[in-house]
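The feature transmembrane segment is assigned by TrEMBL to 25-49, 61-79, 99-121, 142-163, 206-226, 238-261, 273-290. Among the features that TrEMBL reports, domain 'G-protein coupled receptors family 1 profile' is placed at 41-288.
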Amino acid sequence: MDLQNYSLVSEFVLHGLCSSRHLQYFFFIFFSGLYVAIMLGNLLIVATVISNSRLYSSPMYFLLGNLSFLDMWLASFATPKMIRDFLSDRKLISFGGCMAQIFFLHFIGGAEMVLLVSMAYDRYVAICKPLHYMTMMSHRTCIGLVLVSWAIGFVHSISQIAFTVNLPYCGPNEVDSFFCDLPLVIKLACMDTYVLGILMISDSGLLSMSCFLLLMISYAVILITVRQRSAGGVCKALSTCSSHVMVVTLFFGPCIFIYLWPFSRFSVDKLLSVFYTIFTPLLNPLIYTLRNEEMKAAMKKLRNQCLAFH
């Protein structure tokens, strides 16, 4: 296709969450409060884990601290701009900014998926192989698992953005969301991207489904193993893993829906996008801390240390 007769797109127009001016003022206040809560909640978890040597040396809490760190980035790649756009008449984003959002979404999202699998593996070893736990889940192993999650997220994201950034965009330039997402952006290219879109989105769908299945299998193995050992242990295992299962469901559900049916757009997709980019990072600190006495005790100790310091 000869692109010389077309003007290349230098920016995209985001439709945002809604067009109502009154609702946008309400959303500005609402999501500003949520974003502050996300950053403070996850930062508190990270600070608590780092400041407490016992938690930092514990594989479960070390991985939890890294999950909170990723959640802060997941909530930050698009939310601040979305909040600012609530006060703007035209919601514009540069071409580079749009590509950056796609990159960070898939980088952080991919890393978090793999990290959740690592956390499930940690629970498997702790419950099914308790005598070998400290050997199998050494601090070196935990650091390796975190680095692997970041590496897989980076490779996954690069594979997505390498094709997207080189597509010819010559109009239209309107994205029906509050941030640039892969299925929405590639269909704006002025060429037939159906096959390429299937390949690229299958990459995201494959990563989401494979991680989700690994997680479900690991938790099933945990419950079966505990049930074979003692009937009373099932309740304890359920209590230990229930918070992880809740996080997995909240995070993977919207991702799988969006990337398994990318060419059938529904208005509910915006809600799902809000859910896994904003509400999941908000709920993670609540799920992991409100049900965890050890974490609450460590936070109380950190608070007392801060008060004593002042």
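Quick reminder: no glycine exception, Cβ is built from N, Cα and C everywhere.
Curation does not apply to TrEMBL; its annotations are automatic.
Map the listed features onto the structure and describe their local environment.
Below 8 angstroms of C-beta separation, residues 17-18, 55-56, 61-62, 64-65, 68-69, 71-72, 75-76, 79-80, 82-83, 86-87, 278-279, 281-282, 284-286, 288-289, 295, 298-299, 302 of the same chain, each at least six residues beyond the ends of the transmembrane segment (25-49), sit close to that stretch.
Listed as Cβ neighbours of the transmembrane segment (61-79) (distance under 8 Å, sequence separation of 6 or more from its ends, same chain) are residues 31, 35, 38-39, 41-43, 45-46, 48-50, 55, 101, 104-105, 108-109, 111-112, 115-116, 118-119, 122, 139, 142, 145-146, 149, 178-179, 277-278, 280-282, 284-285, 288, 295.
Sequence-distant neighbours of the transmembrane segment (273-290) (same chain, 6+ residues past either end, Cβ-Cβ under 8 Å): 17, 31, 34-35, 37-38, 41-42, 44-45, 64, 67-68, 71-72, 74-75, 77-79, 105, 109, 177-179, 181, 243, 246-247, 250-251, 254-255, 258, 296, 299.
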Would you mind listing the long-range same-chain contacts of the transmembrane segment (99-121), meaning Cβ under 8 Å and 6+ residues beyond its ends?
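Beyond its ends, the transmembrane segment (99-121) has Cβ neighbours at 60, 63-64, 66-67, 70-71, 73-74, 77-78, 93, 145-146, 148-150, 152-154, 156-158, 160-161, 164-165, 179-182, 185, 204, 207-208, 211, 214-215, 218-219, 244, 247-248, 251-252, 255, 276-277.
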